[in-house]
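Asks: Just passing along the structure, written as structure tokens.
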Amino acid sequence: MVSAMRSRTLSKDDVNYKMHFRMINEQQVEDITIDFFYKPHTITLLTFTTVSLMYFAFTRENTSQEDNIWKGILSVIFFFLIISVLAFPNGPFTRPHPAIWRMVFGLSVLYFLFLVFLLFLNVEQVKAVMYWLDPNLRYATRESDVMEYAVNCHVITWERILSHFDIFAFGHFWGWAMKALLIRSYGLCWTISITWEMTELFFMHLLPNFAECWWDQVILDILLCNGGGILLGMVVCRFLEMRTYHWASFKDIHTTTGKIKRAVLQFTPASWIYVRWFDPKSSFQRVAGVYLFMIIWQLTELNTFFLKHIFVFQASHPLSWCRILFIGIITAPTVRQYYAYLTDTQCKRVGTQCWVFGAIAFLEATVCIKFGQDLFSKTHLLYVFLWLFSVAVITFLCLYGMVWYADYCGQREKTFSECEDSTYNTDIPWHHIDKPVEAPVKQNEGTSRRKNRHKGKVTNGVGKK
């Protein structure tokens, strides 16, 4: 009996582990400004969804088979998202509302299940699904069939250079700005950028559109588009790191302008921490973890090009850019959870969103290999091994350079994320809000304090009045 009671008693390490994992898998809202948006409304939601389903089920026309299937699929997605809000974890983020990130996780689970479903179809059935979604895809052609790449690279003119600044160059720039906001490291961003250009060289024999002139690859892609996006993203990161996060409640704001500003700022991060992927005290496991991060990142990028090449749709088609947008959204909590798993010694397993993202990346690759056997039969295994080896070497050099920079180029002022090589601490909240300690107000100083209250520092654009 005593042994059974002991087995049910959690040790201090188990309690700390559960708390650390909950911080990255189900972050709680600590500063609730409007109680209505954070109170459970399960009975109301159940009543609304049930009545709505009954109404549409008995009142809509059901003569069209295609319309019935489409409306049924949308209803399944809608109710799955409702269940996601009720049952799934928040993830590491709480802004603008935890329910949004629960639905994001729900959409990632749906996409994961859809990829599993695709594995049990044949090529004709997959194309039938695509043609049902968009009949115009029957007449789609591959970009590599109508365009030439890496032709007359010795001809360098201003007109030719300016012709490359199209919508895709704009997408490269803003895409790398968002990647920098997610990764928050110059070293890793530049490493991924250079590694991707090498990835294009190693897989150029499979995808002809990877062939580029040297000046297009080095100057336009790496230096201008990627480099400019990285610089912009990191400047925003540094700005967010230096801000003071002291959120005012709606109840304490008495002006209309202040309430509007506070409502808009609800869509900004609740806090921002300085990220350090590697330091001199890191172990070999950290190096292997960063290498795995690089491989999955490159694999996700490769899936984008292989999917549109194998299933034949243009880069401008909604199937392409909607997937890119969706992957970008679920990457945010994934990187946050993976960084915590990699750097926090008390976090012993990855978060659920990170797990699903990894499964999606490998499932997409599996789908590409199954339905693109004719394409992958031309693969040179030597190039694949050289690619893996090159990524390993570049990753090691990147991490070594980051350690050298930390040792010889000056240490940054220690922040919460650097202390004890841990992202989290049991004694300090995750968001690390520094609130000034207010001295007790004397009786004869009350009037002067109230007069000078409006002259204090305004944080996050909202002042208390």
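Here the Cβ of each residue, glycine as well, is placed from N, Cα and C on the backbone.
As annotated in Swiss-Prot:
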COMPBIAS  449-465  compositional bias 'Basic residues'
REGION    440-465  region 'Disordered'
TOPO_DOM  1-35  topological domain 'Cytoplasmic'
TOPO_DOM  57-68  topological domain 'Lumenal'
TOPO_DOM  90-102  topological domain 'Cytoplasmic'
TOPO_DOM  124-186  topological domain 'Lumenal'
TOPO_DOM  208-216  topological domain 'Cytoplasmic'
TOPO_DOM  238-286  topological domain 'Lumenal'
TOPO_DOM  308-319  topological domain 'Cytoplasmic'
TOPO_DOM  343-355  topological domain 'Lumenal'
TOPO_DOM  377-383  topological domain 'Cytoplasmic'
TOPO_DOM  405-465  topological domain 'Lumenal'
TRANSMEM  36-56  transmembrane segment
TRANSMEM  69-89  transmembrane segment
TRANSMEM  103-123  transmembrane segment
TRANSMEM  187-207  transmembrane segment
TRANSMEM  217-237  transmembrane segment
TRANSMEM  287-307  transmembrane segment
TRANSMEM  320-342  transmembrane segment
TRANSMEM  356-376  transmembrane segment
TRANSMEM  384-404  transmembrane segment
Asks: Which listed range (187-207, 217-237, 287-307, 356-376, 384-404) shows the maximal number of Cβ pairs under 8 Å with respect to the transmembrane segment (320-342)?
Replies: 287-307
Asks: Are there three or more C-beta pairs under 8 angstroms joining the transmembrane segment (69-89) and the transmembrane segment (187-207), sequence spacing 6 or more?
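Replies: Counting Cβ pairs under 8 Å, fewer than 3, so no.
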Asks: Counting each residue once, how many in the topological domain 'Lumenal' (343-355) are helix, strand and coil under DSSP?
Replies: 5 helix, 0 strand, 8 coil
Asks: How about the transmembrane segment (287-307) and the transmembrane segment (384-404): at least 3 CB pairs under 8 Å, pairs 6 or more apart in sequence, or not?
Replies: yes
Asks: On average, what pLDDT score does this prediction assign to the topological domain 'Cytoplasmic' (377-383)?
Replies: 89
Asks: Going along the chain, which residues at least six beyond the ends of the transmembrane segment (103-123) come within the CB cut-off of under 8 Å?
Replies: 77, 80-81, 83-85, 88-89, 91, 129, 326, 329-330, 333, 352-353, 356-357, 359-360, 363-364, 366-367, 370-371
Asks: For the topological domain 'Lumenal' (124-186), jot down how many residues DSSP puts in helix, in strand and in coil.
Replies: 43 helix, 0 strand, 20 coil
Asks: Could you tell me how many residues in the topological domain 'Cytoplasmic' (377-383) are helical, how many are strand and how many are coil under DSSP?
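Replies: Output for the topological domain 'Cytoplasmic' (377-383) reads 3 helix, 0 strand, 4 coil.
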Asks: Do any residues, 6 or more residues outside the topological domain 'Cytoplasmic' (308-319), come within under 8 Å Cβ-to-Cβ of it, and if so which ones?
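Replies: Contacts of the topological domain 'Cytoplasmic' (308-319) (Cβ under 8 Å, skipping residues fewer than 6 from its ends): 126-127, 130, 133-134, 137, 140-144, 167-168, 207, 368, 371-372, 375.
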Asks: Mind checking how the topological domain 'Cytoplasmic' (208-216) divides into helix, strand and coil residues in DSSP?
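Replies: Going through the topological domain 'Cytoplasmic' (208-216) residue by residue, I get 6 helix, 0 strand, 3 coil.
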